[in-house]
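Participant: Here's the feature list from TrEMBL:
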| type | residues | note |
| --- | --- | --- |
| DOMAIN | 9-222 | domain 'HpcH/HpaI aldolase/citrate lyase' |
| BINDING | ARG70, GLU128 | substrate binding site |
| BINDING | GLU128, ASP154 | Mg(2+) binding site |
Amino acid sequence: MSATHRPWRSVLYIPGSKERALEKARGLDVDAIIFDLEDAVAPGEKANARETLAAALRVGGYGSRAQLVRMNGMDTPWGGEDLETVMDAGPQAILLPKVGAATDVASIAARLDAHPGCAETRIWAMMETTRGVFNAAEIAQAPRMGGFIIGTNDLAAELGCETGGDRMPLMMALQTCLAAARMGGIPCVDGVFNAFKDEDGLRAECEQGRALGMDGKTLIHPAQVAICNEVFSPSQAQVDTARRQIEAFEAAEAQGQGVAVLDGKIVENLHVATARKVLARAGGAS
Ligand SMILES: CC(C)(COP(=O)(O)OP(=O)(O)OC[C@H]1O[C@@H](n2cnc3c(N)ncnc32)[C@H](O)[C@@H]1OP(=O)(O)O)[C@@H](O)C(=O)NCCC(=O)NCCSC(=O)C[C@H](O)C(=O)O
Ligand SMILES: [Mg+2]
């Protein structure tokens, strides 16, 4: 399944050091998993997490859920070894933290190019620094670029802004990253909601992310999955309309027409593209 034609509603972080959580994720109804070696793992646990995660990836069992491995930055004591270990696992995607420029991605892409097991590996960028936000357009076009994950905690910390509520102080960064992702034709997944026991707060933030145009939300706890899937899934009426739009357009095309009419409204190429995204978002991935 291509990145643009698969759902990215629920993207769950799992600490690479936690065997129990790595096991549990095999049965969770999430669209994607981020196996984390970075912030979810304490400095003293980094080496252990690397090995625990490599073993879990060898065993597999994560079904059709998309799999991303978040490594530590190359400017940290752990990044180099993370990259070696992760490349040997031939991952679907590597998630780079704190990406500031397209060159950060290009240098990892060059390493992947030289590794025989990583021909298909994509690179995703954590968009969580002010430099990254201002370079978002070029990062979205970087080699092997698979998608953006917004890191609202790091962004808020660097900006020095207040978090919570309507996220107004983050809005410029969220929208800039989203627009850059759209320009590059890649998915953009919203940041985490830290208060994982606050269901109403999570729902409100998911709804806001959906209204902004985000493809889904990153999560930190299994209890957040159901609400997130519900909010980011299209309604049955939206799915039905999307199906009918595609059918109507294909029928019109077969008769040499470039435009169809459905329920008194025109259906053009761009509506069909949106309809296909609706259907992609409707599909689960377990
Ligand atoms: C937040 C937690 C530390 C809570 O852990 P815990 O108290 O152990 O939770 P529970 O006892 O309620 O767990 C119940 C069961 O669920 C499993 N579990 C918990 N979390 C996960 C998970 N993330 N994935 C899969 N499974 C999970 C437990 O193992 C229990 O299972 P069982 O025993 O079978 O019932 C914890 O949830 C946690 O560590 N979450 C992840 C935190 C994390 O990844 N943080 C880093 C990512 S966020 C980030 O970095 C943001 C970004 O960079 C930015 O800048 O914004
Ligand atoms: Mg972060």
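Placed from the backbone N, Cα and C atoms, the Cβ positions cover glycine too.
A TrEMBL annotation is a machine prediction, not a hand-curated record.
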Participant: Per DSSP, ARG70 (substrate binding site) is which: helix, strand or coil?
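Facilitator: It is in a strand.
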Participant: Hey, how far is ARG70 (substrate binding site) from ASP154 (Mg(2+) binding site), Cα to Cα, in Å?
Facilitator: 15
Participant: Give the number of CB atoms, excluding that of ARG70 (substrate binding site) itself, located within 10 Å of its CB.
Facilitator: 25
Participant: Once the chains shown are all counted, how many other Cβ atoms turn up within 10 Å of the Cβ of ASP154 (Mg(2+) binding site)?
Facilitator: 19
Participant: In sequence order, what residues of the same chain, 6+ apart, have a Cβ less than 8 Å from the Cβ of GLU128 (substrate binding site)?
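Facilitator: Looking at Cβ-Cβ distances below 8 Å from GLU128 (substrate binding site), excluding near sequence neighbours, one finds PRO97, LYS98, ILE150, GLY151, THR152, ASN153, ASP154, LEU155, GLU158.
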Participant: Any idea what DSSP makes of ASP154 (Mg(2+) binding site), helix, strand or coil?
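Facilitator: Note: ASP154 (Mg(2+) binding site) is helical by DSSP.
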Participant: Mean pLDDT across the domain 'HpcH/HpaI aldolase/citrate lyase' (9-222), rounded to an integer, is what?
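Facilitator: Taking every residue in the domain 'HpcH/HpaI aldolase/citrate lyase' (9-222) and averaging pLDDT yields 97.
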